[in-house]
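Working notes, structure below.
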Amino acid sequence: PQGIGSPSVYHAVIVIFLEFFAWGLLTAPTLVVLHETFPKHTFLMNGLIQGVKGLLSFLSAPLIGALSDVWGRKSFLLLTVFFTCAPIPLMKISPWWYFAVISVSGVFAVTFSVVFAYVADITQEHERSMAYGLVSATFAASLVTSPAIGAYLGRAYGDSLVVVLATAIALLDICFILVAVPESLPEKMRPASWGAPISWEQADPFASLKKVGQDSIVLLICITVFLSYLPEAGQYSSFFLYLRQIMGFSSESVAAFIAVLGILSIIAQTIVLSLLMRSIGNKNTILLGLGFQILQLAWYGFGSEPWMMWAAGAVAAMSSITFPAVSALVSRTADADQQGVVQGMITGIRGLCNGLGPALYGFIFYIFHVELNELPMPESPSGGSVVAQYHLQQNSIIPGPPFLFGACSVLLALLVALFIPEHTNLTVRSSNWKKHCGSHGHPHSPQAPGEAKEPLLQDTNV
């Protein structure tokens, strides 16, 4: 068989680490190239680029997941990693093509979906929670270290070296998949599967969302997830650009901010989350996380000094407990044969938010004329960019309007979450879903359309 050794979680971990380490190196150069390429409407264009990518990923993820059930995981790991990393060398060749290819690459930018399916193939159900946790921790670790390394190399040797290094790491990832990663889909499944038809239900990205209104409790959970994750997705797409161009952070400061936020989030989602779940319960943990998210977004919206961003970042780490707590609530309250249905709904809603959130944030920045029409000048003695500080003084009383919009959205999510009962059974009518899973799935891979993209949705042991 192709590959080195038998399929293992460590193969998936290395694939994820190399891909996101390569992209993490480009954090600082990407912010500079983005502003140089779109100096007039930087935030709007950033939102549109990330929005198109997110929507394409949402539309294509179920189809790619279904095809990987038929043709095997290795070929689709290769495909997703190749197209996700394809824009990297274009950054210095042609910035316009770089951003165009990033948008289009969303069709295949679903590496996590294939990786989680790969892990599901090779692990027993009781091992899966730990395996998914290892993959997620690897993703976090790659982004904690790589932006700082990229910023240092860019300052010392220029951005061209950073792009070359990121390209080399992406090529290494592709070679690793070709040479070292064995196929995880059992051999006995593949010959029978080659002729298996792919139904529209498998490829329909809206299949899971159509079931949202069939149970009032499911509807409340899904509305909470939508209202809270929409601003979060938009924030991820634009916040580091906002720090760099509006708040006057240096490349090193942005990298340090990512590292500190990542470390604090890991602590919050492990130690703090487990303590809160035991002491105040599942629902109250969700409400507390939403409260922290409201505070964080309001702080970002009104904050006009760098130290305020750092303080709000600590609150943002605490707000990261919300989605794991929601996932635990779903896992504990849904019946065993309903888990996949509800998981697919929540994952589908998050995928939709990944497309809508960035575009919405970019549009709000555009409406409120939050732009910086000059490149940052050398830093002032106080540590911020002279141009950014001048722009901020000339701006309105609200430096970050989209963050305040996000705070209002999360406030609505908090009000909706108040009506979610602590203990209940979710009953979603899913006869077609279960029939579909029975005809196309296999014992080691419980992946249904739009499912298994979030590791925290797989097990009660958050």
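From the backbone N, Cα and C atoms, a Cβ is placed for every residue, glycine too.
Taken from TrEMBL, the feature domain 'Major facilitator superfamily (MFS) profile' applies to 8-425.
For the transmembrane segment (12-35), the list of distant contacts is 42, 45-46, 77, 81, 84-85, 88, 91, 95, 98-99, 111-112, 115, 118-119, 134-135, 138-139, 141-143, 145-147, 149-151, 153-154, 159, 162-163, 165-167, 169-170, 172-173, 176-177, 180-181, 240-241, 244-245, 251, 254-255, 258, 372, 375: same-chain residues at least six beyond its ends, Cβ to Cβ under 8 Å. The transmembrane segment annotation in TrEMBL covers 12-35 (among others).
Summarising the annotation, TrEMBL assigns transmembrane segment to 47-68 (among others). Long-range contacts of the transmembrane segment (47-68) within the same chain: residues 75-76, 79-80, 99, 102-110, 113-114, 117, 185, 198, 202-205, 207, 233-234, 237-238, 348, 351-363, 365, 440, 447, 449-453, each at least 6 residues beyond the stretch ends and with a Cβ under 8 Å from a Cβ of the stretch.
The list of residues near the transmembrane segment (75-91) in space but at least 6 beyond its ends in sequence, with Cβ under 8 angstroms from a Cβ of it, reads 15, 19, 22-23, 26, 29-30, 33, 64, 67-68, 97-99, 101-102, 105, 107-111, 114-115, 118, 163, 166-167, 170, 173-174, 177-178, 181. Per TrEMBL, the feature transmembrane segment maps to 75-91 (among others).
The list of residues near the transmembrane segment (97-119) in space but at least 6 beyond its ends in sequence, with Cβ under 8 angstroms from a Cβ of it, reads 7, 9, 11-12, 15-16, 19, 33-34, 37, 45, 49, 52-57, 59-61, 64-65, 68-69, 73, 76-77, 79-84, 86-87, 90-91, 128, 131-132, 135, 139, 184, 445, 447, 452-453, 455, 458. Annotation comment: TrEMBL describes 97-119 (among others) as transmembrane segment.
Sequence-distant contacts of the transmembrane segment (131-154), counting only residues of its own chain at least 6 positions beyond either end whose CB sits under 8 Å from a CB of the stretch, comprise 9, 12-13, 16-17, 20-29, 112, 115-116, 119, 123, 161-162, 165-166, 251-252, 254-256, 258-259, 262-263, 265-266, 455-456, 458-459. Residues or ranges marked as transmembrane segment in TrEMBL: 131-154 (among others).
Residues annotated as transmembrane segment in TrEMBL: 160-181 (among others). For the transmembrane segment (160-181), the list of distant contacts is 3-4, 7, 11, 14-15, 18-19, 21-23, 25-26, 28-29, 74, 77-78, 81-82, 85, 88-89, 91-92, 150, 153-154: same-chain residues at least six beyond its ends, Cβ to Cβ under 8 Å.
The annotation transmembrane segment is assigned in TrEMBL to 217-234 (among others).
Beyond its flanks by at least six residues, the transmembrane segment (254-277) meets 27-28, 31, 137, 140, 143-145, 147-148, 150-152, 240, 243-244, 284-285, 288, 309-310, 313-314, 316-318, 320-321, 324-325, 328, 462 of its own chain at Cβ-Cβ distances under 8 Å. According to TrEMBL, the transmembrane segment annotation covers 254-277 (among others).
Residues or ranges marked as transmembrane segment in TrEMBL: 284-302 (among others).
Positions annotated as transmembrane segment by TrEMBL: 308-330 (among others).
Through the fold, the transmembrane segment (351-368) approaches residues 41, 43-58, 61, 205, 209, 226, 229-238, 396, 398, 401-402, 405-406, 450, 453 of its own chain, all at least 6 residues removed from its boundaries and within a Cβ separation under 8 Å. Feature annotation from TrEMBL assigns transmembrane segment to 351-368 (among others).
The transmembrane segment annotation in TrEMBL covers 403-420 (among others).
Annotated region 'Disordered' per TrEMBL: 435-462, in sequence order.
Along the domain 'Major facilitator superfamily (MFS) profile' (8-425), the predicted structure has mean pLDDT 79.
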